[in-house]
Structure formats: structure tokens, C-alpha cells
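Following: one structure in C-alpha cells, then a few remarks.
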Amino acid sequence: MVRPEDFNSLELDNSLTDGETVHEMMAHKAGLTYNDFNILPGFINFGVHDVSLETNITKDLKIKAPLVSSPMDTVTESGMAIVMALYGGIGIIHGNFPKPEDQAAEVLKVKRFKQGYVMQPHCLSRDSTAFDMIQIKKKYGYTGAPVTEDGRVGSKLIGMVTSRDFDFITMDVAGQKGTPISDTNDVTPTTPITRIMVSVDQLHLGHINDAPELSQKKLKEHRLGKLPIVNDNGELCALLCRSDLLKARDYPMASYDSKGQLLCGAAVNTRGESQYTVDRVVEAGVDVLIIDSSNGSSTYQISMLRYIKEKHPHVQVIAGNVVTRAQAKLLIDQGADGLRIGMGSGSICITQDVMAVGRAQGTAVYDVARYANQRGIPIVADGGIRDVGYITKAISLGASAVMMGGLLAATTEAPGEYFWGPGGVRVKKYRGMGSLDAMEAHASSQDRYFTAESDQIKVAQGVSATMKDRGSCHKFIPYLIRGVQHGMQDIGVRSLRDFREKVDNGIVKFERRSTNAQLEGGVHSLHSFEKRLY
């Protein structure tokens with residue numbers, strides 16, 4: 001039987017050595033990106049399910065998948081952060097909100113999330129009509145909705161519209177309000193929802209303070225599809241859904257804190273006023289703070305880092321962004337628990353073009369990781385992740401995890417509404433936090449790039465764009481995880497720690513790619529093709 005050590009001994013035989021070590025590859029000093037190299041295959045003697053992706057993103061914060069969603073206002077709010085944590089990663093809530101309390105509220109939604117619970121269900125109000133329910137069904141696919149006094153979560157629950165109330169109600173093709181939608185009971189689009197709904201006194205209810213097991217038992221005993229969750233005042237707090245409860249069995253890798261709540265991060269800028277924001281999100285239960293700045297080596301970053309470590313020493317802090325070892329040393333010396341690496345490498349970032357400052361992401365990750373890892377500080381590679389293979393490459397260069405923006409934009413869980421773009425393509429808006437759109441939305445985005453709100457001339461370091469619909473993260477994230485596992489299996493490593501050790505020891509070999517090699521490695525020589533990834 002062939003043993004892995006037999007294969008490794010062949011690799012160490014100079015006459016049979018292919019490629020070069022990572023240190024040899026990076027010794028040429030030219031700026032390398034992820035696309036400039038490949039990793040050579042190793043020996044496989046284990047299954048893909050045996051590959052562990054557990055990693056640390058700070059000294060004390062561990063996650064089960066090396067995936068972090070970027071704190072951008074078109075990428076991460078509570079919906080994205082919840083999904084990221086369910087699949088073993090972590091989401092970082094962006095800071096481009098009108099008020100600090102709004103960001104804290106998003107953190108709370110993540111921390112209060114319970115398996116099967118919908119914390120922000122679409123509600124109808126007392127003044128809603130049958131037409132409004134039909135629109136919710138058409139737009140979101142929901143077959144029922146709670147009815148509250150003013151149509152919001154937190155308002156008094158007065159009833160529930162279920163699929164049974166709408167089973168025989170249909171719209172005409174045009175969806176005109178004057179067209180009858182039922183031949184029975186004289187129900188029309190203008191029929192008040194209060195006439196159709198099941199009133200609250202006829203509903204089975206759960207209480208917000210009940211243990212999840214108790215509410216789930218009530219749902220099962222009464223064979224309910226949905227169970228409204230209320231507080232002592234009868235105000236709607238959440239909706240427990242049978243379909244979502246069944247999905248809960250599919251998250252064995254979920255990232256939890258010591259209290260059994262999902263992990264969640266938040267981004268804060270370097271302005272002095274942001275100390276109030278820090279206090280609010282920490283109060284909400286945030287697990288890690290990211291100090292959000294395009295250039296992390298500044299007096300402003302150091303001041304914010306010191307404030308957080310002095311006022312909230314239990315909270316982990318990822319500082320950045322940095323791309324050099326000198327920058328890394330500065331922030332580690334000031335108490336950073338993790339570092340965020342990248343400057344100008346994101347798909348919507350134009351910093352390198354406009355400011356003439358930045359660094360190729362592959363080289364930045366390698367150089368900073370070599371120094372930071374010696375000091376026990378994990379790094380998160382931020383930017384330049386185009387596909388699943390780039391995640392594996394970032395890890396090979398020393399990253400503990402990758403941060404994704406464009407890769408997650410236009411998923412169902414990303415903030416914003418879909419719309420139809422040119423050619424009938426379903427798209428969502430995606431913008432860099434250094435774009436004029438983001439800066440005009442709120443001042444906190446300007447602070448990331450050291451731009452004052454009063455400045456009449458603003459220099460954009462990002463663009464606004466649209467991204468094609470990627471579908472739900474419930475399909476996309478598992479694809480990314482399994483893709484990384486397959487890549488590591490091909491390399492012959494069982495874990496990220498094993499990967500890092502074999503890279504450092506020169507067992508894992510690399511090869512730089514010529515321009516033609518890059519073309520050859522992609523789809524080519526075809527008349528037409530369809531690229532379906534998952």
C-alpha cells in the first residue's frame with residue numbers, strides 16, 4: 001500500500017521535483033495575483049468529507065469555514081450575516097447606516113436568530129387588502145403573512161393570513177385591481193385583509209421567552225405551517241416556520257458563540273464619533289469589530305484600536321487594511337487581534353488607478369502573512385476573490401480566511417432589490433464603499449477614505465455596478481465550501497493547519513503561469529458553452 005510519506009519522499013528527491021516552493025516563487029519580487037500561479041497536485045489518501053476548514057480569524061475567534069462577507073452596504077446586513085454563520089463563516093455588518101442604532105439593530109437580528117425563526121417577516125397592516133397579499137406572494141413567494149396594526153414587526157398582532165385563505169384566489173394576468181379574483185365569497189382585490197385573515201384570538205401563538213423546543217413542539221402538535229411569536233404586549237416579534245425548521249438540520253457547521261448565538265461582526269470607521277457606534281454594537285453582542293479603513297496605518301486607526309481595547313477588552317478586533325509588513329507591525333504592536341489585507345484589489349475598487357497606491361493581492365497576502373503568523377496573528381485576505389479556486393490560493397499564501405464582496409453581491413441575501421437590466425438579465429446593484437454613490441449615501445463611507453463630509457471635491461476610489469443574479473447563498477456558500485475541500489484534497493492536505501505546514505516546509509509546490517498558460521487553464525476552443533458551477 002502506498003503511504004503519503006512515500007509520495008513526499010519522492011517529492012523531496014531533487015531529480016523528481018517539479019515546480020518551486022512558495023518562498024522561491026515569491027522571491028522574484030514582482031507583484032503576483034492569484035491568477036499568476038497554480039498549486040501542483042499532491043497525494044490523495046482521504047475523502048473530501050475528511051477535509052477540515054476550521055480556522056481562526058483572530059487570536060481567539062474560530063470559525064468552521066474560512067469565509068467572511070465584506071462590510072459593504074450592498075453585501076452584508078443581517079440576512080447575509082445569518083447565512084454566513086449558518087454555514088460556518090461569519091458576516092461583517094457594514095457601517096453605512098444613517099444611525100449607529102440601525103447597525104446595532106442588524107447585529108441584534110443575527111444574535112437573536114433562532115433556527116427556523118424569521119425575525120423580519122413581511123407583514124400586512126390593518127389597512128391592507130387582498131391585493132397586497134397577492135403582491136407579496138408574487139414578489140417573494142410567501143403564501144402567508146402576519147397582520148399587525150401598522151404592518152411592522154414590533155406592532156400588535158391582530159391576525160394571520162395563511163395559504164388556506166388564498167388557495168382558491170387567483171389574479172388575472174394583468175393583475176388589475178378592479179378584476180375579481182375569486183368566484184366565491186365576493187372576494188376582490190380591494191377586499192380588506194381583516195375580512196380574510198384568521199383573527200389573533202383564533203391563532204396558536206408562541207412567546208418570545210419560550211425555549212425554542214417549546215415553540216417547535218407547539219408547531220408540530222397543532223400541525224401548523226407558521227407560528228407567530230409575540231411578547232407580553234401581544235406585539236409580533238418573529239415567525240416560526242415549519243419549512244425553515246426543517247432546513248435547520250442542514251447546518252452542522254454553524255458558527256456559534258459561547259451562548260449558542262450565531263457569530264456576528266461589525267465594521268466601524270476611524271472617526272472619534274464612531275466610539276459611540278462601537279459601544280452600541282458591542283452592547284448588541286457583536287463578536288468581532290473590523291476597523292474599516294482603506295489605509296490602516298494611520299493615527300486615526302491607532303486611536304480607535306486603543307479605545308476598543310481599553311473600553312471593551314473582551315471584543316476581538318481586526319485592524320486594517322494593510323499590505324506591507326511595516327503596516328502590520330504597527331497595528332499588531334497596538335493590540336490588533338487580526339489583520340485585514342488588501343488595497344485596490346477588489347472588483348469595484350479603483351484605488352490603484354486613481355491614487356497610484358496599493359499592491360498586488362497575492363504578494364500582499366504572502367508578505368504580511370509571513371510576518372503576522374510569526375506573531376500569532378491571523379490575516380483575512382480582502383479582495384480579488386473571483387472564484388472558489390482563488391480562496392484556496394489565498395489560503396496557500398498564508399491567509400486564515402478570505403473576505404468576499406463581489407462574489408456574494410447579487411445573491412438573494414445581499415441587501416437591495418433585483419431589477420431587470422439590459423438584455424433581460426436579472427441584476428442587483430453592487431458598489432464600492434469608495435464610490436460616489438456610497439459616499440453620498442452616508443458620511444461613514446467617506447471616513448473610510450479620509451474624506452470629510454464638507455469636502456466639495458471628493459475623489460472616488462470605487463465604482464458602482466450591477467451584478468447578475470447568483471441565486472441564494474444557501475446554494476452558493478455550500479458550493480464554495482465543497483470547492484475548497486476538493487482543492488485541498490487534490491493538493492493532499494486535510495486541514496488548513498496541515499496546508500500551511502506543508503507550504504512552509506516546501507512539500508506543497510507552486511508554478512507560475514504565463515499568459516498563454518492562463519488562457520489554456522480557462523475555457524477555450526469552443527463555439528459556445530454554458531458554465532454552470534452549482
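Glycine is treated like the rest: Cβ placed from N, Cα and C.
The domain 'CBS 1' annotation in Swiss-Prot covers 117-181. Residues or ranges marked as domain 'CBS 2' in Swiss-Prot (evidence: sequence analysis): 190-255. The NAD(+) binding site feature in Swiss-Prot is assigned to Asp292, Ser293, Ser294, Gly342, Met343, Gly344; the stated evidence is sequence analysis. Residues annotated as IMP binding site in Swiss-Prot, with sequence analysis given as evidence: Ser347, Asp382, Gly383, Gly384, Gly405, Gly406, Tyr430, Arg431, Gly432, Met433, Gly434, Gln461. Annotation comment: Swiss-Prot describes Cys349 as active site, thioimidate intermediate. The annotation active site, proton acceptor is assigned in Swiss-Prot to Arg448.
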- Which of Gly342, Gly383, Gly405, the listed binding-site residues, has fewest other Cβ atoms within 10 Å: Gly405
- Note on the structure: Lowest 10 Å Cβ neighbour count of the binding-site residues Ser293, Ser347 is held by Ser347
- Task: Looking only at C-alpha atoms, tell me how far Gly342 (NAD(+) binding site) is from Gly383 (IMP binding site), rounded to the nearest Å.
- Result: 6
- Task: State the count of C-beta atoms found within 10 angstroms of the C-beta of Gly344 (NAD(+) binding site), not counting that atom itself.
- Result: 26
- Item | Nearest of the recorded positions (Ser347, Cys349, Gly405, Tyr430) to Ser294 (NAD(+) binding site), judged by Cα-Cα distance | Cys349
- Max CA-CA distance, Å, over listed NAD(+)-binding residues Asp292, Ser293, Ser294, Gly342, Met343, Gly344: 14
- What three-state class does DSSP give Ser347 (IMP binding site)? coil
- Met343 (NAD(+) binding site) has its Cβ surrounded, within 10 angstroms, by a count of other Cβ atoms equal to 27
- Asp292 (NAD(+) binding site) sits from Gly405 (IMP binding site) (Cα to Cα, rounded, in Å) at a distance of 14
- Task: Quick one: average pLDDT across the domain 'CBS 2' (190-255), no decimals.
- Result: 87
- How many whole Å apart are the CA atoms of Tyr430 (IMP binding site) and Asp292 (NAD(+) binding site)? 18
